[in-house]
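Data first, discussion second: the structure below is written as structure tokens.
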Amino acid sequence: MNFLTSLHSCDALLDEPHEDTPVSDARPAVPEPVQEAIRTLIRWAGDDPAREGLLDTPARVARAWREYCGGYGEDPSVHLTRQFEEVGGYNEIVLLKDIPFQSHCEHHMAPITGKASIAYLPRNRVVGISKLARVLHGYARRLQIQERLTAQVAQCIWDNLQPLGVAVTIEAQHGCMTGRGVRTPGVGMVTSRMMGTFLDDPRSRKEVLALMGY
Ligand SMILES: [Zn+2]
């Protein structure tokens, strides 16, 4: 099979203009028990939640966490419902490469920052290329482990697009490793999930990994 990478070239892969909802200025109220929990954590860390610089911190932290975990409020598969069947005979790999993302580890609630590459081999149907990134963010904005995040993104594309193959690789740094514990900044963790053609055919796997830069 002759694989080509298509990032932006094919019209059918382009998105309609962004339908992002504008960022709201409205600040949701933060229930007192949530703020108190954060004050408790500040005390536990050794500081005084009553000092001036920390007065508004509990509400800010609470709102930030709603945002970090915004993925709980969405089903990432909705981003894959709009599919294009007119692909002009395009039957090569579609790859979205080096998508930056942030998540949080479920063991320490520490940041996971990295980049993901998502590829699939279409079976007559494609989605707007940025939708792949939206699926990633939908799962990343939860408490995660990198292995599960990788698998969930791949499975979502597999189930909803029913492509011939899916390949997802994620390379990320874990705040719980770089900022605490063994304190090893610069160490990246790589995970991958291959499905269909990319799992069954070593040559296809090698090809897609090479396109991803591995
Ligand atoms: Zn951790």
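Just so it is clear, glycine is given a Cβ too, placed from its N, Cα and C backbone atoms.
Look at TrEMBL and you will find 35-212 tagged as domain 'GTP cyclohydrolase I'.
For Cys105, His108, Cys176, the entry in TrEMBL reads Zn(2+) binding site. Of all Cβ atoms in the shown protein chains, 18 besides its own fall within 10 Å of the Cβ of Cys105 (Zn(2+) binding site).
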**OP:** May I ask you to report the DSSP-based helix, strand or coil state of Cys176 (Zn(2+) binding site)?
**Re:** helix
Subject >> Where His108 (Zn(2+) binding site) falls in three-state DSSP terms >> reply: coil
Original post:
Counting only residues 6+ apart in the same chain, whose Cβ is under 8 Å from the Cβ of Cys176 (Zn(2+) binding site)?
Top reply: Cys105, His107, His108, Ala110
Original post:
Within 8 Å of the centroid of the Cβ atoms of Cys105, His108, Cys176, which other residues of that chain place their own Cβ, given that this set defines the recorded Zn(2+) site?
Top reply: His104, Glu106, His107, Met109, Ala110, Ile112, His174, Gly175, Met177, Arg180
